[in-house]
Structure formats: structure tokens, C-alpha cells
């Protein structure tokens, strides 16, 4: 109750969360989902454009290849953006990085908006790359900006808003993609260019809000600017205690160095953490949900859903994840991270199995297509309750401050790489495996369940110090085989 009152009191803080989110993970989820609606119109556009230029139609398998490249260039750009986010946040600061990042959004909207008139599908392909760069930067900088701007008692709840903004962006993108709005076959270029609206909203509101107080004090050494930012964000001038904590941290951080990303793999004391991060980070993108969003239309048609009902079924998938994200935020502290992950991946494996059986029997039983659609909803609901919300917290909780920045970078690069591979390969998996298209993802869900059960420690209700002590004990079962644990080294987390 006290946290809620403080959040209401700091209206600037609430506006900061919304302004950062609208151009951050909301933009990411929006662009992840809107590509589903114009699947067939863009494929027809590719074929028609090729035929105009060469007087010959493009073979179906090459149309599918070009479409796969259009989809997968978004996560490829995200990979570059994840590598760019760290240096950009240090040089320009958190807020300015988010603002400058909208240059990529403007370039993307220009390419999309003008691609239809000259008949250039190459402009569509090129536009997806800077859009991905924008997503890679914002998805990494937004949690950093908000985490350094909120009071410590709100940090956990605000960290989960990234998942809610992503799910909300997916739902809004699906609604905008309805035929009654921008989902008309002749308006697909306007649908793709609509990302500009989100960029304009962020450019309108974010400049009015303060920079991260922690960045201003620790990185810039500007005590006056830090004090002014704290007072605006908290809605009160009584910030002496919080300012003293930041000053103490600044003094303690002097002369310390963060681990480089490659050093994580060389430290025996981080073996369990790195293994969990790699396996569960990969499982997050390889469990099949992103493919459901990117190719939702095709999957529902494959399940036998009537054409007129497909677009509404797609909106239902995003609504399921939004509902699940809200539920996850409400129960994560009561249930715990480990149980949510095990339940999420376990339910996904069950739903995926039933979905495969339903696809195989859809020609025999008239109600099987609707069972398949129900399984897709249940699969996304299971994903949102467990893996979607919990996996993003792993880099923060499993690594101490010495390794946390490098772990976040590794996690970001891993996420976008896997998303690129899935986006490139899923159309061919769908065409080659037909009714068994989800079988490869079933193995990933099983591996995620097993890894969580055997490798991931319980972190609910524990301090970072207690988590570090337990992980040290697990990495060195016999104390004589490992160095004596002296506690986590507190360093400047923005040096990377």
C-alpha cells in the first residue's frame, strides 16, 4: 500500500515508466506482431514486383525464402542493437540513448511507407534491419533506465513492466492489423510504417523527464543534477537518505572493473549461472511462441480455422499473453521463479503435444481444429505465466554486480540470435513437417523443464548475498576444490 501511494505521489515517475515503455518493449512487441497480418499481401507483392522486373513469376520456394528473410532481419538488427546498447548508454546516457534510438524508427517508417509506390520489396527487407536495431537498443536500455530511476521498494514491480509492455504491444499490433483498421491488403505498407507513431510519442514526452539519477551521479559526477532528478521523480524534496545511499555507492564503486562477456565462460565459480542463463535464455526463444506470433495466420489456417475468424483468433493469442503477464507479476513473489518456470515449460510441452495430435486428426473429427486453436491459446498462456516473465530476471539475480553487466549483454545477444534463426527456419519447418511442425519445440520445452529442476536454485525471498553464497556452494561442492568465497564485489555496473 505504501509503495502504491509513493508511486501515485511521484506522477513524474509514472510518466517516466510509460514514456520509456512506449518506445521500448511496447515498440518491440508491436513490431513483432504486426508482421503477421500482411503475410499473404506481402508475399503477393514480392511475386508481382519480381514479375514486373523480370517478366517471370518467382518460384514459390523463393517467395518463401524472401519472406523468411524479411521476418528474420528484424532479430538480426536486434542483435546489432544489443551490442550497441551498452556503449550508447554510457556515452549518451540512458534517456538520450532512447531518444536518439528513434532515428532508426524514422528511417524504417520512411522505407516502409514509400516501398509500395515504386514496387520495391527490397525496401521492405532493408527497413526491417534498422527496426530491429532500434528494438535491440531500447529493450536493453529501457530496463536500465527504469531500474536506476525507481526507488528500491518498487524495483521488482517496475522490472516486470517490461513484460507487460511487450504483451500490450503485441495485442495493440494485432488489433491494428485487423481488416477493419490497417489490415486491408492494400494498406500493408501503412501498417508496417505505423511504428512511427510510437516513436513520435516517445520523442514528445521523454525529453520532459529527468535522466537516471544514478547515471548522473556515478557516471557523470553531477551531484546537483542528480538531486534535481531525484526530487522530480519522487515528488518530494526529502531525498537526503536516498542521495546518501547513491553517494556511498559511488565511493564504493571507484576503481572497480566489470567482467567482460567472455570472462564469464572462464570463471569456474560462474559455471552453474552461465549454464542456466544459456539454456533457459535459448529455450525462451526456441520454445515456439515467437513463431506462433510471426506466423499466427498460417498456423491457424493449417489448423483449419475459417478465413474470416483467423484475425480474431490472432488477437486472442496476444490477449492471453497480456493476461498471463499480469498474473505472473501478481504471483511471482508468492510462488517463486523456479516453480513458475517448471510449470510454464511443463504445460507448454503438454499443450504442444495435444496440438500436434489435433492437427493430425483435424480431417477426421470436425471439432479438432478448434481444439488446436485452444491449445495455441493455452500454450501462450503457459509461456506468459512462466518463461516470458521469469527468464529476464535471471541475469539480475544469478550474477553478482561484478558479472551482471556482462551477463545481460550475453543474454541479449543470445536472445536475438535465436530469434533470428527461428524466424529464418520456421517457414521451412512448417512446410516440411506439416502437422508435426511443433515437434522440434517440444524437445526445447522438456529441456527447459529439466534444466530448471536440476540447475536453477531457489531465489524467492533471498538477498543477493544469500543467492551468491548458495551458488558458490553449488559450483564448489567440496570447499577445498574452490577458492574461499568472500562475497560479491560491488562495482560500477555501467562501465561495460
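Cβ from N, Cα, C; glycine included.
Nobody curates TrEMBL annotations by hand; they come from automatic prediction.
Note that this is a predicted model, so its numbers are computed, not measured.
As given in TrEMBL:
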| type | residues | note |
| --- | --- | --- |
| TRANSMEM | 12-30 | transmembrane segment |
| DOMAIN | 17-460 | domain 'Major facilitator superfamily (MFS) profile' |
| TRANSMEM | 64-86 | transmembrane segment |
| TRANSMEM | 98-115 | transmembrane segment |
| TRANSMEM | 127-146 | transmembrane segment |
| TRANSMEM | 158-176 | transmembrane segment |
| TRANSMEM | 188-209 | transmembrane segment |
| TRANSMEM | 340-364 | transmembrane segment |
| TRANSMEM | 370-394 | transmembrane segment |
| TRANSMEM | 406-430 | transmembrane segment |
| TRANSMEM | 436-456 | transmembrane segment |
Tertiary contacts of the transmembrane segment (340-364), as residues 6+ beyond its ends and Cβ separation under 8 Å: 280, 283, 287-288, 302-304, 328, 331-332, 371-372, 375-376, 378-379, 382-383, 385-391, 435-439, 441-442, 445-446, 448-449, 452-453, 456
Any contact, the transmembrane segment (188-209) to the transmembrane segment (64-86), with at least 3 Cβ pairs under 8 A: no
Highest-contact recorded stretch vs the transmembrane segment (12-30), from 64-86, 127-146, 370-394, CB pairs under 8 Å: 127-146
Contact between the transmembrane segment (64-86) and the transmembrane segment (406-430) (3 or more Cβ pairs under 8 Å, separation 6+): yes
Within-chain partners of the transmembrane segment (127-146) [C-beta distance under 8 Å, separation at least 6 from its ends]: 16-17, 20-21, 23-25, 27-28, 31, 70-71, 73-86, 88-89, 94-95, 97-98, 101-102, 104-105, 107-112, 115, 158-159, 161-162, 192, 195, 212, 392, 408, 412, 416, 494
